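Engineer: For reference, the structure I am asking about is given below.
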Amino acid sequence: MMRPGARQYVVTRPLYSEDSFAEEHEKVYRQRKTMLDHLKLYFTFDVKRVKHAALSLLPVIGWLRIYRIKEWLLPDVVSGVSTGLVAVLQGMAYGLLASLPPWYGLFSAFFPVVIYFFMGTSRHISVGPFPVLCLMIGSVVTRLIPDEGPPVNITGLEGLSVDDQRVLVASSVTFLVGIMQLGMGLLQVGFVVMYLSDTLVSGFTTAAAIHILVSQLKFVLGLQVSGFSGPLSLIYTLEVIFNKITSTNVCDLVIALIIMAMVFIVKELNDKFKSKLPVPIPIEAIMTVIACGVSYGFDFENKFGIDVVGHIPQGYESPVAPNLQIFQETAMEAFPMAIVGFAVAFSVAKVYSVKHDYTIDGNQELIAFGVSNMFGATFKSFAASTALSRSAVQESTGGKTQVAGLISAIIVMIVTLAIGFLLAPLPKSVLGAVVIVNLKGMLMQFRDIPYLWRRDKPDCVVWLCTCTASILLGLDLGLAVGLGVELISVVLRVQFPRCSVLANIMGTDIYKDRKDYFSIFEPEGVKIFRIPSPIFFANIDFFKNKLVEALGFNPLQILKKRNKALRRIKKLLKNGDLQWTSMGFLNTTCGSIGDSEDQDNMEELDQPIDFKDLPAQIDWNRDLPANIFVPKVEVHSLILDFAAVSFLDISALKGLKTMLKELIRIDIEVYIVACDPYILEKLHDCCFFDEEVQPSMFFLTLHDAMLNILDKHSEQTEKNPDHGKIITTVTVHNSLKIREKDDPEPEHKF
C-alpha cells in the first residue's frame, strides 16, 4: 500500500520458506520438450516454414520489399561509387599482403560482395579484403610456396608459375575457410564468436597491425625481402630489412612518405569536417591517379628502378577447383581465419545494426560469408571479411542498404574489365603507403592499455598476452594463446570469487557486505555468507575454505572433538569416575582426553553425535567435566545467500551436502536463500535431501530467513537491545511515482 504523500511503500505478507510459498501459490506446469520433440519440429515442413527458411537464407527478399527508391537510391549510388574507389585501391594493396599479384585483390572486392548482397543481413558493412585475413593467408602462401627454395610437395602444382601456385594455394585455403564458416552457420554455432572478447580482438588486431606494418616496409623502402612464416617471423623479417637498409630506394621512400602525409592529413580533415562535407574526399583514389600519372610521365620504373604493379590482365579468369591436398596442409590455419574473419565482420555489423535499428543474424552471417568465400575462391579470390575503414566510408557517405555494396562491386568490375591497364605504372610503394596509413585505427588501440590496467587488470593481461603472443608466435598461434589466457582468466574469476559476510542495513530489509558500511546490525549467533558465483568442481573446496574462514572454526574438527569428548564421558561414566546428579556431572577423579585412544574407530568421529546411554544431553558451550575441552561455538544459525549461484554440478552437490551435514551435526541451523528454482529442482532430482538435510532450510529471501531465525530464537533476541533494528515490514525509499496531493490514494496489491 502506498502511504499518502510519502516516497515509500509498505509490504505486509507472510514469512515464506520455499515449501510454504509452494503450498500457497500454485505453479504453472510447463511441459519441456525432449530432444525427440526438437528433432521432429526441425524436420517438419510446411508452407510457413519454407517461406521463413527462404527469407532467412535470402534476406535480400525482406529488405527489397521495403526499399524506398526515392529516398534511398541516390544515397546508395553515391556511397557505392565512393566505396568502390576505395575498394579498388585497398583490394590491390591487400593483394600484396596476401603475397599475391595485386590485381587478385580486385577479385576479392567483387565476387564475395555480389553473394553477400543476396545472403547477408547487415545493410552497411563493406565486404571484401581485410588486412588481417590477407596477412594470415600470406603467411600460409609463403610457407607452402616460399620466395626462395622449392615449394612443398603438393600434387597439382607441377608446371605452374610461382604466382599461379600461390593463387591456387590462396584460393584453396579460402574455399576451406568458406566450408568451415558454412558448416558453423548450418550447425547454428554462431555464438562461438562470443568467446572472442573485445579485449582479445583489440590485442589481436593491434598485433596484426604491427605484422602488416613490417610486411609493407619492403615496398616502402624498395627492398627485396623474402617472406617468412611461423614463430618469430616478424623478428627475422626486421633483421633482413635492417641488414639491407643501405640499399633503400630513395624514390620509393619519398613517394611513400608524400602519400602517407597527404592521405593522413586529408583523412583527419575528413573526420573533422564530416558534418559539413557531403561525402569524404577520396584522397586515396586522388593520390593513386596522381602517382600513376607522375610515374608514367617520368618513367620511374626505368629511371629509378622502382617496383610497379605492372601488367593487369583484363577480365576474369576461368573457375578453378580447390586442391584437396592443400586442405590437408592448411586445415589448422584455416580455422582461425574462419573465426577471425567472421568475428570482425560480425562486430562491425553489430555496431551499425544498433546505430540504425535493425537486427542481424549471426548464423546467417556465417552462411553468407561461407558461401561468399567458396564462390569467390572458385574465381581465384582470397578470403573476404570487412575492412573497418571501407565500411566507415560506405556508412558515412549515406549508404542505406547493400545496394551501395553492389554498386561498389560494379565499380571494381569496370576497373577489372576496362581501365585496369591504367594502373600498370602505379608504384607498389604507393600501395604500401596506403596500407600503412589505414593501420592508424588499429595501432591507436595501444592507448587501451592504461585504461584497461586501471579498470580491469585481468582484461589488461589478456590484451598484453594476446598482442605479445601474436607478434612473436604468429597470428594463428597468438590467437590460440590469447583465447587460452582469456578462458583461464574467466575460470580463475569463477574459481576464486569474492565471497563476503553480509550484515543488515539498519531499518531496512537490505543486506550488504559488512566491511562496506557503518550503520549495520549483525544479530548475535547469526552469520550470513554470500557466494557470488556458480559452484562447481573447481571451486567447491575454495568455497568451503572461505566459509570456514567466515565462521571462525572448522565444523568437521568441532564434530570430531565433540565425538571424542562424548566417548570419554561415556567411558568415565561406565568406569564410575563420573556421576550424573541433579546439578550436572560430578567429577570423582581427574582425567583428560587421551588423543591416542580408540584409534581403531577414528573414522567414526564424523558421524552424528549420539547421546544414547547418557542421562542427559550435553551443552557444549558450557564447561565439561574431567578437564575435557571442546571449543565453544557461538554461531547458532548460518544463512547461505545463493542469489548469484547460477548452477551446481555433481561434485558441488556432494561437497555441499557433506558440508551441510557437518554444520547440522554440531547444532548449527543452516538456511539457503534466493536459490534458483532450477537448482532447487535439480537438488530434488539428485536425491539431495535426507533426514538431516531437508527442503525446509530453503527460504525465498534473505530477510525471510532472518525473521524466521529471530522468531525461533526469540528468548535470546528479546534480551538483545538491538533486536528492534531488524524490521518486520518492508519500507523502501524512492517509489516509482510521486503522487500529487489531490490525487486519490491508490491501492497496490503485491
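One is the number of the first residue shown, and numbering goes on along the chain from there.
Yeah, the Cβs are placed from backbone N, Cα and C, and that goes for glycine too.
All TrEMBL annotations are machine predictions without curation.
The feature domain 'STAS' is assigned by TrEMBL to 516-709. Taken from TrEMBL, the feature transmembrane segment applies to 73-97, 103-120, 127-146, 166-187, 199-221, 241-266, 334-354, 366-383, 403-424, 461-485.
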Engineer: Under a Cβ pair cut-off of under 8 Å, which of the recorded stretches 103-120, 166-187, 199-221, 403-424 contacts the transmembrane segment (73-97) most often?
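Structural biologist: Selected stretch: 403-424, with the most Cβ pairs under 8 Å.
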Engineer: At a C-beta cut-off of under 8 Å, are there same-chain residues at least 6 beyond the transmembrane segment (366-383) that contact it? List them, or none.
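Structural biologist: For the transmembrane segment (366-383), the nonlocal Cβ contacts are 57, 95, 98, 100, 104-105, 107-108, 110-113, 115-116, 119-121, 127, 129-130, 133-134, 137, 167, 170-175, 177-186, 189-190, 316-317, 319-322, 337, 341-342, 345.
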Engineer: Taking the transmembrane segment (103-120) as reference, which of 127-146, 199-221, 403-424 has the most Cβ pairs under 8 angstroms?
Structural biologist: 403-424
